[in-house]
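Engineer: Before anything else, here's the structure in question.
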Amino acid sequence: MATTEQVSTLTDGTGGRAADDPTAAGEPPGAARGGPEEQAAQGRRMLVRLLRPYRGRLVAVLVLQAVGALAGLAPLLALAEIGRELLAPGPADRTAVWTAVASGAAGLLVRVLFTAAAGGCGHLVDGDLHLSLRKSLAQRLGRVPLGWFSRRSSGEVNGVVQGDVDTLHHLIAHTPGEFTSAVVVPVASLAYLAWVDWRLTLVALIPVLFGIAVHRLLSSEERRRQGMAVGQAMGRIGASSVEFVQGISVVKTFGGAGRVHQRYRRAADDFADFFLGYVAGSAGLASLSALVLAPPFVLLLILTGGTLLITQGAMPPAELLPFLLLSVALTAPVAALGHGMDNIHAAERSADRIHEMLSARPLPVPDHPALPDGDRVEYRGVGFAYDDGHPVLHDIDLVLEPGTTTALVGPSGAGKSTLAQMLPRFFDPTRGAVLLGGVDVRDIGDEQLYQRVAFIFQDVRVLRATVAENIALAVPDADRSAVVAAARAAGLHERVAALPHGYDSVLGEDIGLSGGEAQRLGIARALLIDAPVLVLDEAMSFADAKTQAELRRALDVLRAGRTQLVIAHRLETVTRADRIVVMEGGRIVESGTYQELMGAGGKLAQMWRAQHRHGNGTHEGTGR
Ligand code: ADP
């Protein structure tokens, strides 16, 4: 069911012009998602594409980091040289020793300077990418059809805008450093050690090769797949926790907190089981690898190999020192490499999700917006499919004459919401057209359209802003008296006026709204817009009897004199409507006044009888 959304003109203020940001270019919107391998490859491509504008600066980070890492080896090499000098037979060469000390100190200084510069540069790139991605995402989200949001939970959207963008932080700000060190330091150390003694170098390589082999095993396709599944399971927990928190008012009204909480717990338990399985599969191997790469083991191995060589007279004892100092520098990066790869895989997945969101097809906007002439609404041969090949609306012809009320009724899934949502362009028709004042709504500019068409569907979304700002969302320059008048007519004034900060109370901080109050806020918004056409889902499922009566009064104020398309759930609406449209299977199966349809004894009469058999005087059962 498409149930979401609030009142009216939540656009990005850009006029929804066609996107030209580099991040969004390329892939066809909503490109087919393949299997895990394909997704990983796609993620890699996306990552490269996202990072392309920062190529130059990223290379600079790598170079700075490489120089820093090499310089960092200098103190160790200096120590080794000093040791060799001091342990060699005969008097020590003072100049050589002091030169080594000075080189070590200089290396340390260069390392500190270059690593700091690399870190700073990396964080600057990261900051730029963050800003640009969040801007692009915000722009794109401001341009996608409103219906796009009803297919996604806010947890999911938040996960991309916040979580996935943050995941890229580690990749850009830290991974280049880790990676460069992980490559440069061992290679340089190996070269030096091989020059000192190639046999002991081979011994020192044993733990490194073992670590690399284990790492390859642990990053197999299968493990990647599991890693992806872990990410998805975490996403599900995130989504269910956000939904749990956001829906708490509804849940409490129904007394179903336990049930919903259980759903969250189940998601968490499933994740825990899955994660245990994931970790158990690799724990043994990973621990063994950690042991082999640990400094005590490496040193023991070198000491054993070194002792053998020394006792056989194959190597002078002083040569053991560089190995003891540098062998740890060989193995430590292997572990870092593992983390670095994990970060890269995580970033690839995030890049893929970010790219998918950036490729969401924006709602086309007219180059030359036309002005509607009047408020007559016409659905002309409208067909619609959410997914290709599965039409949910067929050949809808429907006219809403100005000032009339049209009630949509029909079983759940009949297509009522979809039909209603086409008028405020939650979606555009796949076939045919919806016209307002003789103009295709696709040819009307956003502002003009939403000045003329207000809508209230089931979920009224509120922003973390003041009550006044929330009411005046679509009319930001409305003065306070107009806001108060709208709130008063919607039955919200007394509640707001009683708050210490009145209309300046911040929703979600100073005040939380119940479901009924949120509905009233929606009505106040629509009243303030004062649009001549109103699209309304009058379901008030979570309101108690008193609240329902109050809401009805507020709605009656809102509806007076407007052209209305109402997803009807109430007997009065249906009986008083100028026209009832009965829908079934995405088609209009009956249309006429209450008397005509009841007299004809068709679908409406059948539905009516069925409801009365169940002792339900209202029209709830016709809808959701
Ligand atoms: P009604 O309002 O009469 O209950 P809807 O317009 O919500 O009917 O749904 C009509 C059909 O479209 C149903 O089969 C429903 O499953 C499908 N549908 C509704 N919203 C979506 C959506 N966002 N994505 C895919 N299918 C949807």
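Placed from the backbone N, Cα and C atoms, the Cβ positions cover glycine too.
Annotations per TrEMBL:
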COMPBIAS  1-12  compositional bias 'Polar residues'
COMPBIAS  21-31  compositional bias 'Low complexity'
DOMAIN    59-346  domain 'ABC transmembrane type-1'
DOMAIN    377-610  domain 'ABC transporter'
REGION    1-39  region 'Disordered'
TRANSMEM  58-80  transmembrane segment
TRANSMEM  100-125  transmembrane segment
TRANSMEM  179-195  transmembrane segment
TRANSMEM  201-218  transmembrane segment
TRANSMEM  275-303  transmembrane segment
Engineer: The transmembrane segment (58-80) vs the transmembrane segment (179-195): three or more C-beta pairs under 8 Å (separation of 6 or more)?
Structural biologist: yes
Engineer: Other than its close neighbours in sequence, what residues sit by the transmembrane segment (100-125), given a CB gap under 8 Å and a spacing of at least six beyond its ends?
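Structural biologist: Same-chain residues near the transmembrane segment (100-125) but 6 or more away: 54, 57-58, 60-62, 64-65, 67-69, 71-75, 77-79, 81-82, 85, 172-174, 176-177.
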Engineer: What parts of the chain pack near the transmembrane segment (275-303), using Cβ distances under 8 Å and only residues at least 6 beyond its ends?
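Structural biologist: For the transmembrane segment (275-303), the list is 200, 203-204, 206-207, 210-211, 214-215, 217-218, 223, 226-227, 229-230, 233, 320, 323-324, 327-328, 330-332, 334-335.
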